[in-house]
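Following: one structure in structure tokens, then a few remarks.
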Amino acid sequence: MRRRRRVPGRASSATIPTVNTRSERPPLADPDLRRSWLFIGGVPGAAALEATLACRADVVIVDLEDFTPPPSRPEARASLAALLGRLRAGGAITSVRVNAPGHDDAEADLAAAMAAGTDIVALPMADRAETVQTLCAAIAAHESQRGRAVGSTELLPVCETARGVADVRSLAAASARVRAALLGAEDLAADLCAERTAEGIELAHARQRFLLDARAAGIEPIDAPCTFADPALAVAEARHARRLGYRCKALVRAEHVAGVHGALTPSAGELRQARAMVAAFEAARARGEDRALHEGLWVEVPTWRAALRLIERACRLGVRD
């Protein structure tokens, strides 16, 4: 995944719902609550680091692969513990994208990530269950050596090839460490021989297939990052992804985080509407009716369940009505 220059779009700006303040940040143990997964380089400058800390991304992925040039990787590994410490102090879940097993930097990257206490190890170009298992075995060895509970470190497959998207179920089944998977954008488009556009039509099928297979596998799908600079375009992508069923999105720019959080967080109005639908349906059930008419919409069992799910998510994210 690589950054792209801004392409003008017509997306509207985000309306951000009221959510938790800094001191009331929601717990993020469950992958579906990790709305934003922000990639940063392994040696961020002072301004980039301050922007990262200020944006309050749910997860920050320190990328030792594409976002860190090979000559800078030794410095990145040496400073990784301090960097993750600052990110963790700011409330973020930490992740490190290492170079894949077989790469010259793979072992050193993983050793540095585990020594720094990363919460999640991200695997680039994930497309084979065997590679997931190999990396998981190496993670387990580091956990044992460092006195960490074996299995406590998550593994995140980053699916950036056609094969990876097609085989996400096998990647999920390869290890219990896999609780989520992330859809790539730039590398995937290149692997598909597709022309990259701001509209993203070239990734439409991959987005839907990835979501379907990840849900079937019981893991959380993370939508591809908006690699264009326009914040409104990132918000439009996140809103579209939410309509498809995504609850999380990758990012490559700190200034996109607030808008993406707004798009992926139920608003106070949506929370009120969901509660009204639940009340109407349950009142109808109490009268012996199988459905309720609420503001022109027939609320049946699937709609009621969806409303309950929205209420639960809103409450867990600290939304108030």
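Just so you know, glycine gets a Cβ as well, placed from its N, Cα and C.
Residues or ranges marked as region 'Disordered' in TrEMBL: 1-28. What TrEMBL records for 12-21 is compositional bias 'Polar residues'. The feature domain 'HpcH/HpaI aldolase/citrate lyase' is assigned by TrEMBL to 36-253. Residues or ranges marked as substrate binding site by TrEMBL: Arg97, Glu160. Per TrEMBL, Mg(2+) binding site is recorded for Glu160, Asp187.
Shown here: features listed in TrEMBL, placed on the structure.
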residue	record	DSSP (3 states)
Arg97	substrate binding site	strand
Glu160	substrate binding site	coil
Asp187	Mg(2+) binding site	helix
Cβ-based isolation winner (fewest other Cβ atoms within 10 Å) among the binding-site residues Glu160, Asp187: Asp187
CB contacts for Arg97 (substrate binding site) [other CB atoms within 10 A, all chains]: 27
Euclidean distance between Cα atoms of Asp187 (Mg(2+) binding site) and Arg97 (substrate binding site), Å: 15
Confidence summary (mean pLDDT) of the domain 'HpcH/HpaI aldolase/citrate lyase' (36-253): 98
Rounded distance in angstrom between the Cα atoms of Glu160 (substrate binding site) and Asp187 (Mg(2+) binding site): 5
